[in-house]
Amino acid sequence: MILTGGSLHESREALELAKKYGFYATIGCHPTRSKQFDEFPGGPEAYLEKLDELIAAHLEGKGRVVAVGECGLDYDRTHFASIATQKTHFRSQLALAKKYHLPLFLHSRAAHADFVSILREEGFGENGGREIGAKGGVVHSFTGTPEEAKELMDMGFHISLNGCGMKTEQNLTTAKSIRPEKIMFETDSPWCSLTTTHASRRHIQTMPASLSSKYFPKPVPRPEAFAYGKPVKGRNEPTAIGGVAWVVHCLHETIPFERITERAWKNTVELFDLHELNEEKST
């Protein structure tokens, strides 16, 4: 499991949890929190230095850093951080990815033109920036158009889907357009659930009971009633990732469920350099 850092504080928390439970983490600052760079004691340079130090100290072993991010642009929520602020601190985090040869965990919302423009200007326009020492990345929680997805894939990036990218028929058209060699699945728990109001619902309803009981087990009613192996009602959980994969399987029709999940697994392991997980699977 990869835990996402959305700020300096969250990145530290993600690393502690990753070390405790044998997970992995990303280090970065979400565009809606990018004002934190300017508000930090010592200014933006000091904030970036702290992110840099976290990465440098946790590149090896369990709990290690596997990506820079979550970073990018979010023009739906500029009341949290201005466009100018977001752009500035997106660029600074791209520099970290190049410095440490790490993939990017990217966020793009209603900002595609500026998003790809900055990536191109910073050397990520072809093959995910591998020619300049970078290692590509994934645009997570993707909700854009098929044309936007194609441009990103052609630039060498992966596209990750969750429930937020399966709300509408247009979303499903985009999901179907993603090439298998570039696709990833996620939940973005506790957000971005697959819900009964989504266009994806008709596909979820075709899931065999043997799979639905595995990916959508009966929930407990509230967090206080938590039980191991049980989701909490109204909260997305990592186990629901199988539902995302099932919807994509249904959209492609001719691609077996096992094949699409194995392809997404392969993409994830290769991008984030998690080859030890394949060794664990084989033992």
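Cβ atoms here come from the backbone N, Cα and C positions, even for glycine.
The divalent metal cation 1 binding site feature in TrEMBL is assigned to E70, D188. What TrEMBL lists as divalent metal cation 2 binding site is H107, H140.
Overlay of TrEMBL annotations on the structure.
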residue : record                               : DSSP (3 states)
E70     : divalent metal cation 1 binding site : strand
H107    : divalent metal cation 2 binding site : strand
H140    : divalent metal cation 2 binding site : coil
D188    : divalent metal cation 1 binding site : coil
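Ranking the binding-site residues H107, H140 by C-beta neighbours within 10 Å puts H140 at the top. Cβ neighbour count for E70 (divalent metal cation 1 binding site): 27 (other Cβ atoms within 10 Å of its Cβ, all protein chains included). Cα of H107 (divalent metal cation 2 binding site) to Cα of D188 (divalent metal cation 1 binding site): a span of 12 Å.
Note: D188 (divalent metal cation 1 binding site) has non-local neighbours H140, S141, N162, G163, C164, N236, i.e. same-chain residues 6+ apart with C-beta under 8 A of its own C-beta.
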